[in-house]
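Student: Heads up, here are the entries from TrEMBL:
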- 1-15: compositional bias 'Basic and acidic residues' (COMPBIAS)
- 23-45: compositional bias 'Basic and acidic residues' (COMPBIAS)
- 1-50: region 'Disordered' (REGION)
- 66-84: transmembrane segment (TRANSMEM)
- 104-126: transmembrane segment (TRANSMEM)
- 147-165: transmembrane segment (TRANSMEM)
- 177-197: transmembrane segment (TRANSMEM)
- 265-284: transmembrane segment (TRANSMEM)
- 304-322: transmembrane segment (TRANSMEM)
- 334-353: transmembrane segment (TRANSMEM)
- 404-433: transmembrane segment (TRANSMEM)
Amino acid sequence: MQSAAKEEADPEKNQGRYNLRRRKDDGDVKEAEAKSELQEERVEKVPAAPAAPAPTPLDFGGKIGAFFWMLFLPAWVLFLVLHVDQKDPSLSNFPPALPSLETFWDPQALVFVVLWILFQALLYILPVGKLSDGVLLRSGKRLKYRTNGFFAIVVSAAVVAAAVYQEVDLTYIHSHFLQLTTASFLISMMLSIYLYFRSRSTGPDERALGGNSGNVIYDFFKGRELNPRIKEFDLKFFCEMRPGLIGWCLINFAMALAEMKQQNLDAPSCSMILVNIFQLIYVVDGLWNEEAILTTMDLMHDGFGYMLAFGDLVWVPFTYTLQARYLVSHPKPLSLPLLATIIILKIVGFYIFRKSNSEKNAFRRNPSDPRLSHLKTIPTATGKSLLVSGWWRVVRHPNYLGDLIMALAWSLPCGFSHLLPWYYMIYFIILLVHRDSRDMSECRRKYGSAWDEYCRTVRYRIIPCVY
């Protein structure tokens, strides 16, 4: 789930690669020496990592948890889609009335989603933009990625503008939102099934460390293959950055048109304009800095399965657009002081988010870059260093801090009448707290005493009032 460019100051989160905990005497000194010699030999031959990584613990509640999330996530998206349509979308009106089964399905909606994905795939494969190097894999290989996301959203915007000029009714997206959601879910499910069966023929070096438990349901959910490709077409990278992310902006724009139509306005409301512009800036920034996603956990470590396929194609475009969709039927006028406050919050949050992510990505890609010589670091026994400079000296997750401030700016235009448009803010806090907890455990395991020193140096975890 998009998200995506939100990581800790650790320059690389490669599970199973390092173990800083000093081993006690196991009663066989010769075996320990042999292991040490073997590790030195591996470093000489394959600088990336050992050829046979250790198994990793199961995430998301293990096998039972994976089954639960596979059922819960579509149900939750359905709840949001149906609940926001109510005249009074308060929690006291839960549960929303379920429509007939025929209402969920529309062949035209499926065709629309398929054509949108194929259009984005065409833009992705065009020989436009930079070929970027990915991180070094366990096999010692380094994949190349076509990072032309900014080109894709510019062309997409031009096509949408041409459609509006030709009087194509884009409010269809608002009136058929449920059917479009269903169609996207079916496509994500079919993609997940394809990914699972193709992963059965992949070698150990091509599999993700965390998605090969041997349990069908867990591996289907988490994803087995790390970088599934059809020739040079990288399926995970494409889905992470293209149809859902750019579709997010398309849906927001359609909601602005729907608001004008439903409320008889000559122009979208200030609240709708703020939500559209703020989230468009966020997406455009991600696509302009598309290369940075190559050093995130999704690309480096997570397999491509149901979790990411559903997140990319359903969760992002159909839940992150909730504020814009809410405003269609529940317009909120903004006073000038509130308008100015929201804009300032967005600017501050975006600055922290972009500045810290740029520092992190540059440090991850090349810690020895002379341009980064001024940055302060803490060395670790792994040979890597922990960044304690710039925004990473203020809090351990300044990118999370910037994200939270921006999420607040996205929610404030919707007012305080209902909790529903604050869903993204609430969800994001829960997500980041959970991710921070996982990061703390993993980094303490990997870096040992160096991590303790890092925690003493950078006391605050996500925001300056949270230790």
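In case you wondered, yes, glycine gets a Cβ from its N, Cα and C as well.
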Student: At a threshold of under 8 Å on Cβ distances, which of 104-126, 177-197, 265-284, 304-322, 404-433 pairs most often with the transmembrane segment (147-165)?
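Tutor: The stretch with the most close Cβ contacts to the transmembrane segment (147-165) is 104-126.
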Student: What residues in the same chain, six or more past the boundaries of the transmembrane segment (177-197), come closer than 8 Å to it by Cβ-Cβ distance?
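Tutor: Distant Cβ neighbours of the transmembrane segment (177-197) are 74, 77-78, 81-82, 99, 103-106, 109-110, 112-114, 117, 219-220, 223-225, 228, 235, 239, 304-306, 309-310, 312-314, 317-318, 325.
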Student: Counting only residues 6 or more past its boundaries, what in the same chain has a CB within less than 8 Å of a CB in the transmembrane segment (265-284)?
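Tutor: Distant Cβ neighbours of the transmembrane segment (265-284) are 150, 153, 245-246, 248-249, 252-253, 255-256, 259, 320, 323-324, 327, 331-334, 339, 342-343, 346, 350, 406, 409-410, 413-415.
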Student: Top stretch among 66-84, 304-322, 404-433 for CB pairs under 8 A with the transmembrane segment (334-353)?
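Tutor: Between the candidates 66-84, 304-322, 404-433, the best contact partner of the transmembrane segment (334-353) is 404-433.
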Student: Restricting to the same chain and to residues at least six past its boundaries, which positions have a Cβ under 8 Å from a Cβ of the transmembrane segment (404-433)?
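Tutor: Hits for the transmembrane segment (404-433): 6, 80, 83-84, 89-91, 270-272, 274-275, 278-279, 282, 319-320, 322-323, 326-327, 330, 332, 334, 338, 341-343, 345-346, 348-350, 352-353, 397, 462-463.
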Student: Using Cβ atoms and a strict cutoff of less than 8 Å, what residues sit near the transmembrane segment (304-322) while being 6 or more residues removed from its termini?
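Tutor: Contacts with the transmembrane segment (304-322): 1-3, 60, 69-70, 73-74, 77, 80-81, 84, 117, 177, 180-181, 184-185, 187-189, 191-192, 195-196, 211, 219-228, 235-236, 239-240, 243-245, 247-248, 251-252, 255, 279, 298, 420-421, 423-424, 427.
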